[in-house]
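Encoded as structure tokens, the structure appears first; notes follow it.
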Amino acid sequence: MRTQKNHIATPLALAIAGLLSPGVFAEEVEQDTETMVVHGTAEEALKQQPDVSIITAEDIAKDPPVNDLSEIIRKMPGVNLTGNSASGSRGNNRQIDIRGMGPENTLILIDGVPVTSRNSVRYSWRGERDTRGDSNWVPPEMVERIEVLRGPAAARYGSGAAGGVVNIITKRPTNDWHGSLSLYTNQPENNKEGATNRANFSLNGPLAGDALTMRLYGNINKTEPDAWDINRAQNGSYAAGREGVRNKDINALLSWKVTPQQILDFSYAYSRQGNIYAGDTQYSNSNMSPNGLVDTLYGQETNRLYRQTWGLTYNGIWDWGQSKAGVYYEKTNN
């Protein structure tokens, strides 16, 4: 048996061959190319992930001053401020809510450590806590960055983080002495809205070269409650406005570099927070008689928290990465 191969030159193939002159095959064409090198960081890559948002100190500095970090975090995708229910009792105490799963399913971390002071406040019969959450323990000026994790990115933190996680990273001590004093006031145009005044300071620097450094900051602020009649309705009832708050915070950190790659941090913090009564939506604020409930409690602290924390953290820097381990104690009196 004999096999025969036939090669057929089509008109299209002949046309292409005619366009290619011998010089095309004989010459090497030199081309000048430009090389562009793009430098990126892990934080930039993390910031662009769909389930993660990063708020840096530079971002905070660009925004108008706020009294509570929740006012900054609420601008991130999937984040809202809400109570545990829709009643808005006690002047709409609002907490961070991620993906609509409620404040109880949003975990707050400070330097990677869970903060659970709000759990010291019992549930009301309406199924919510009379608390402002745990986003007001750190002044905005002391924040290095805030990481907001949603969905699968927060799954490794457990059931308390079903909605998401907010990790507040504070600024580290520096090798040079630095100090600051900040004053902030917010006077609303409507005199029935509560005004805010705040003062905080920070001091950090070396105690023994770069081997032993310290950081100290304090904060005191007060937001007045809204007027009892700020939300007057046509039927003569008065829904409560926003509660006020009084805060005092002090925080100290001592960092010891045992070696450049082995660091021990000793930390202590004390905070006092009180909510200032503005009324209740479940009661009518129209009852302002001398012995009425609103008249008796308006402007008083209805809830007071005393929070203390101690911590010992080990940070290791290795060729393959970093490790972190620590022992922490948190005590909250309500």
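Cβ from N, Cα, C; glycine included.
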Which of these ranges is annotated motif 'TonB box' in TrEMBL: 35-41, 42-48, 140-146, 203-209?
-> 35-41
Kindly report the helix/strand/coil residue split of the domain 'TonB-dependent receptor plug' (51-165) according to DSSP, in that order.
-> 34 helix, 32 strand, 49 coil
